[in-house]
Each structure stands twice: as C-alpha cells, then as structure tokens.
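Colleague: I am attaching a structure below and will ask some questions about it afterwards.
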C-alpha cells in the first residue's frame, strides 16, 4: 500500500512538472502555424502578417506586412541565446553595402534596436545608426518571451530590398556600450517576393549582381583585351590569322566588359571609393568606344595618316587596358571581395607579363638574326 502511494506521488510530481515547467525545446518554439497574435505581443502591430520560416537551422521566423502607403512592418522571432539577432536588406544578395536592423536584450533588462550600415566583414566597418534603412521613429523594439526574442520594427519605404540577410551573434555575448556588433556566429540569406510571400530557401540565393559585374568586366577588360593586344603585337607573322584573332578577341572582350559596366550602374553607389570606381569605368568605356570607331574608319596602309592612326590606336588602347586593370583592383577593394579573387587575378597578370617578355625577347632575337643575314 505504501509503495502504491509513493508511485502516485511521483506520478503527480511528474505531471506537475510537465504542466508548470515547459521544456526548453517547447519554450523556444514558434511557427507560422502557431497563430501568434503579434498585436497582443506588440500592441502597435495589428496588421495581418505574412509569415514564413526564415532560417530553419537557427529557428528564425519572420512576419511582415504592408501596414500602409510606404510603410512596412516586420517581426523577427528567434531563440534567445543571450546575443543579438539581425536582419539585413540587400538589393543584390550581398552583405557588403547593404543595411540591417539588429536587436538584443541587455543584461539589466531593456532591449536595444539599432540600424547598421554593412560596409565590410569586420566590426569596425559596420557602424551603428547608419545605412539606408528609414526606421519609423519610436516604433522599434525587441522583447523576450518564452525564451525567444521578438525584434519588431517598421520601415518607411515604397518596397524593401528583395534580399534578406539573417545573422546571429555569439552566444551569451551582447554588444558593448558603443553598440558595435561582434562578428556574427552564423549567417544566412533569402530572396523574397513581398507581393506573393514566396521566398527562397535561406542561404540559397543566386549569383549576386555585384559578382556578375565584377566577373564580366574582369573577363572582358582584364583578360581578353590584354590577350588581344598580345595577339596583335607578337603574331603578325601569322597573317591574316593574327588580324581576325585580334579583332575577334577584342570585340568579345569589349562586349563583355560593356555589359559588366552597365550592370554596375544598377548597384549601390554608397560604398567607399565607389564614385572613383564608376568614373574610371566610364573613361574605360569611352576609350573602348573610340577604339571601335577608329577601327571602322581606319585609313588604308598606303595612306600618309596611317602612321598617326597607328599611334593613336596603340596608345589609347593600352591606356584603356591599363585603366581597366587598375579599376579591377579598385573594384575588388570597394566590394570587399574575398582575397582569392585578387590573388587569382594577380597570378594571371604575372603569367601574362612573363609570356609577353618571352615573346618580346624571341621577337628581338629573330629580328637580329635577320639583320645579320642581310
């Protein structure tokens, strides 16, 4: 009898634990099917929200709604790991050059919400209270409920940028009093159609426009154009193959570079040194266009002005390529691209210079041999 009473007491305590003390997994749960009343949690947010699982591995849930003309409301939900959570808005899917909203709960209780400009991957390049996001004043907050953080804010814009970038800070580490964020522990991204609510999987965005811009200009102006110059200078003994190879390589390079530069005009221009990069790019296009026109009106070989045309063609073309190469390195710096891009292009240039020197020496030796024969 005493054993049965003990069993009943233990069962009762177990049931009380289940009822009164939810497990950590349950306390951190949130989903779009839970029908969370955002209005009860955050009184000023009463619109009907779209909802989707933004980042499965980190438990991020995003709710958003167009609350009025040029007014958008967002509520980002994530497990409270004693760190900051953030959401960025990007035009091309890249982090650098975009803007973000981050929030965290301080050790003494109040929540802090700040906007940031994402100028690079280091903490010092992401200053607080900067960026292109127009936050509605006095309408941003972060609260903690059932071991989850709810970051709520409103943007004043006709439509937010179509790429979202999520980040979470190191566990049990909140920003210091200067509000600079420590390097995120993890990051993901997604594209979104705000009208339909259709989103891509987190972290599975396509090749960003900035990369297309850099790849096309590097391939066109930085690789094919120099290769075309080498063909014209060192292979004239293969006539007329050198001529058709030269104009074909230069033509393809010019088109690729032009498309890449046009794509660059659609990118954000608020990056450091972006204006200089753009100005040099325009000069390169102008010089390239002049080269195309010069080719179309080139004088006959027997013409007296052919010599001057050759000088113009050679030096303007070389100046355009030199400017393009310099601008490629400037663009890699502006975009804060991974160092592997710079290293790879430097290796290509080194190989190109060595090949040019070998061909130059070979050509001079052959010329000296011919002079000795006569």
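Including glycine, each Cβ sits where the backbone N, Cα and C put it.
TrEMBL annotations: computationally assigned, not manually curated.
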Colleague: Please find, within the list 279-297, 298-316, the residue stretch that TrEMBL describes as transmembrane segment.
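Modeller: Comparing 279-297, 298-316 with TrEMBL, transmembrane segment matches 279-297.
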Colleague: If you run through the domain 'DOMON' (58-169) with DSSP, how many residues end up as helix, strand and coil?
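Modeller: Taking the domain 'DOMON' (58-169) as a whole: 4 helix, 62 strand, 46 coil.
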Colleague: I'd like the number of other C-beta atoms within 10 A of the C-beta of residue 277 (heme b binding site), please.
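Modeller: 20, counting other Cβ atoms within 10 Å of residue 277 (heme b binding site).
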Colleague: Given that the record lists 213, 246, 277, 313 as binding heme b, what is the largest C-alpha to C-alpha distance among them, in Å?
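Modeller: This binding site's residues have a maximal Cα-Cα distance of 28 Å.
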Colleague: What is the Cβ neighbour count of residue 213 (heme b binding site) at a 10 Å cut-off, with all protein chains included?
Modeller: 23
Colleague: Let me know how many other Cβ atoms fall within 10 Å of the Cβ of residue 313 (heme b binding site).
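Modeller: Looking across every protein chain shown, the total is 16.
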